[in-house]
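Student: Pulled the feature table from Swiss-Prot, pasting it below:
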BINDING   Gly35, Pro36, Asn37, Gly38, Ser39, Gly40, Lys41, Thr42  ATP binding site
DOMAIN    3-206  domain 'ABC transporter'
Amino acid sequence: MTVSVDDLCVTRGGVPILSGVSFDLAEGAALILQGPNGSGKTTLLRTLAGLQPPLAGQISGTEDRIAYAAHSDGLKSMLSVAENLRFWAAVFGRSDIAPALQAFDLHDLADRLAGTLSAGQKRRLGLARLLVTGRPVWMLDEPTVSLDKRAVEMFAAAVEAHLATGGSALIATHIDLGLRDAQVLDVGPLRASPTALAGASDEAFL
């Protein structure tokens, strides 16, 4: 199922940040969000993931299909690596964590408490959770933060494998992940203009 976004307006702190956002994300496709810091990429991802409502526009194809990885890894520090993955697998009604351990080279760390991991190891564990959700649409906010070159390659390989099985990915990143056939959406030109701000504010109070 294609994720479709039509004429979306998103807000931060009640202020419109982006307007006129439209795109389709098909099965097996990746879309890279680009733009300077503060341009609205995180706000757009949070809106698409259902963490905040849009001010205007339509989103379809996301219902119970999204796995979202934010800046924070959100790990349970007193659980081991394997226990963290089992916890999140259970949340999504699943149990197999072996592919996640393998994809992010976490086998040797499986019994380590998450709180004792390095920043890069924590990030790998946070990203590995995507594989245990079973969700077909991945949305990721700067997923390569704290990762070294080898770990970035692991992540890119995991995304490619996900796309090959019909999954899709929407990724905000400043680096080239080398994903084949990935499209790019620059949010810079979609910054809400003063006219859009006024119109959106009026509509919000109708």
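The backbone N, Cα and C atoms fix where each Cβ goes, glycine too.
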Student: Using the recorded ATP site (Gly35, Pro36, Asn37, Gly38, Ser39, Gly40, Lys41, Thr42) as reference, state which further residues of the same chain have their Cβ within 8 Å of the centre of those residues' Cβ atoms, listed in sequence order.
Tutor: Ala172, Val187
Student: Run through the Cβ atoms and count how many others sit within 10 Å of the one on Pro36 (ATP binding site).
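Tutor: Taking all protein chains shown, Pro36 (ATP binding site) has 12 Cβ neighbours within 10 Å.
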Student: Count the Cβ atoms, other than its own, that fall within 10 Å of the Cβ of Thr42 (ATP binding site), considering every protein chain shown.
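Tutor: Taking every protein chain into account, the count is 19.
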Student: Which is it, of Asn37, Ser39: the one of these binding-site residues whose Cβ has the most other Cβ atoms within 10 Å?
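Tutor: The residue with the densest Cβ neighbourhood is Ser39.
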Student: Among the binding-site residues Gly35, Gly40, point out the residue whose Cβ has the most other Cβ atoms within 10 Å, with all shown protein chains included in the count.
Tutor: Gly40
Student: If we count other C-beta atoms within 10 Å, could you say which of the binding-site residues Gly38, Lys41 has the fewest?
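Tutor: Comparing Cβ neighbour counts within 10 Å for the binding-site residues Gly38, Lys41 gives Gly38.
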Student: According to DSSP, does Lys41 (ATP binding site) fall in a helix, a strand, or coil?
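Tutor: The residue in question, Lys41 (ATP binding site), is helix (DSSP, three-state).
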Student: Need one number: mean pLDDT over the domain 'ABC transporter' (3-206).
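Tutor: PLDDT averaged over the stretch: 93.
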